[in-house]
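Below: one structure, written as structure tokens.
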């Protein structure tokens, strides 16, 4: 795409639905800043309610179950809504659960608060991703989806530092008293400013097949993409969840764990933008499979120790791992443009849910075999995708 086409596309977006596009991009950051705070809060719960790694894995599995079953359903209905109900109010539920989670007096209470975070996330992502893709246009679809993804990644990056800072400043009881009202005001303001979908789009959505029939069709179109993203997200989520615990076992503090997560996730934020731009220029498959093939090399080195060189290697590994995230979303939306919310729930939500379920056996194995050895094994998994891709290419020859 040349620069003139890009500028024309930007002007078209600005005239058509700029507030909706940048509204959902902002809300992605707000949602993920809170919904991904669990790795930082886990050490707090380990101290306050004696949470084990297996129990932490089960909390993360709740995210997985909710996203696997919830996101496709919410995406199905989101394609039929004129107003961004799920995209605006889902993040508020995530904020509420995250703010209350450090106060949990028991494992059962923590389970409820994590449930609020997971439902809020499952509500937001299908409609947020669908609205972003529908507004962006085809010429720069991967790029604008990469901005959407970057906002979420940036929220994830600052989430650990943000939670530690807010709790240190306000205390655990003061955190929800401040952040929940502020988030409610922000969501209400965006709700009033974000536009409706066209009546024609909503009417066409209402005429589409019923849920199960539509789901089968979408899986037939993007099932292989979901498989790839599930492996990618399982690696990312497993390392991200247990990295602070790994650092603490080496003598680091919770704050240090948050800083490392911030640096590694921030690198993934910029990598997604670069990956989206490259995909629009050189093609989706080259970016997707090239990035996944490179990531294990750097992840293994990064997990080896806690020095600066290993931290930089971990940042590069996270960057390669996440560079393909907007690419797979764009690939799915291009294959099913009439069901953007629901197909995004499969390529993003279901795969992310499977990844969170994967964290449970990782936690159990870590309790038995050790966290370092377990994460080292997880870091090699992207090469499964590489081997399958090479095998597919060889069979075609």
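Positions of Cβ are set from backbone N, Cα and C atoms, glycine also.
What TrEMBL records for 20-394 is domain 'Major facilitator superfamily (MFS) profile'.
Residues of the same chain lying 6 or more positions beyond the ends of the transmembrane segment (21-46) and with a Cβ under 8 Å from any Cβ of it are 13, 52, 56, 59-60, 63, 84, 87-88, 90-91, 94-95, 97-99, 101-102, 104, 110, 114, 117-118, 120-121, 124-125, 127-129, 131-132, 135-136, 144, 147-149, 151-156, 158-160, 162-164, 167, 183, 186-187, 190, 193-194, 240-245, 248, 254, 257-258, 261. The transmembrane segment annotation in TrEMBL covers 21-46 (among others).
If you look up TrEMBL, you'll see 58-78 (among others) marked as transmembrane segment. Counting same-chain residues at least six beyond the ends of the transmembrane segment (58-78), those with a Cβ under 8 angstroms from any Cβ of the stretch are 35, 38, 42, 86-87, 110-111, 114-115, 117-119, 121-123, 125-127, 130, 211, 214-215, 237, 241, 339, 341-346, 348-350, 352-360, 363.
Same-chain residues lying 6+ beyond the ends of the transmembrane segment (85-104) with a Cβ under 8 Å from its Cβ atoms: 23-24, 27, 30-31, 34-35, 37-38, 41, 44-45, 48-49, 74, 77-78, 110, 113-128, 131, 163, 167, 172-173, 175-176, 179-180, 183-184, 187, 190-191, 194. Positions annotated as transmembrane segment by TrEMBL: 85-104 (among others).
For 110-129 (among others), the entry in TrEMBL reads transmembrane segment. Through the fold, the transmembrane segment (110-129) approaches residues 24, 27-28, 31-32, 34-35, 38, 45, 49, 51, 59, 62-63, 65-67, 70-72, 74-75, 78, 81, 84-87, 89-98, 100-101, 104, 145, 148, 329, 340-342, 344-345, 348-349 of its own chain, all at least 6 residues removed from its boundaries and within a Cβ separation under 8 Å.
Per TrEMBL, the feature transmembrane segment maps to 141-167 (among others). Within the chain carrying the transmembrane segment (141-167), a Cβ under 8 angstroms from the stretch's Cβ atoms is held by residues 13, 21, 24-26, 28-34, 36-37, 39-41, 44, 98, 102, 128-129, 132-133, 135, 175, 178-179, 244, 254-255, 257-259, 261-266, 268-270, 272-273, 275-277, 279-280, 284, 322, 325-327, 329-330, 333-334, all 6 or more beyond its ends.
Summarising the annotation, TrEMBL assigns transmembrane segment to 173-191 (among others). Sequence-distant contacts of the transmembrane segment (173-191), counting only residues of its own chain at least 6 positions beyond either end whose CB sits under 8 Å from a CB of the stretch, comprise 23, 26-27, 30, 84, 88-89, 91-92, 95-96, 99-100, 102-103, 166-167.
The transmembrane segment annotation in TrEMBL covers 254-275 (among others).
Annotation comment: TrEMBL describes 343-365 (among others) as transmembrane segment.
Residues or ranges marked as transmembrane segment by TrEMBL: 371-391 (among others). Within its own chain, the transmembrane segment (371-391) is flanked in space by residues 53, 228, 231-232, 234-235, 238-239, 242-243, 245-246, 249, 289, 292-293, 295-296, 299-300, 303, 317, 321, 362, 365, which lie at least six positions past its ends and keep a Cβ under 8 Å from the stretch.
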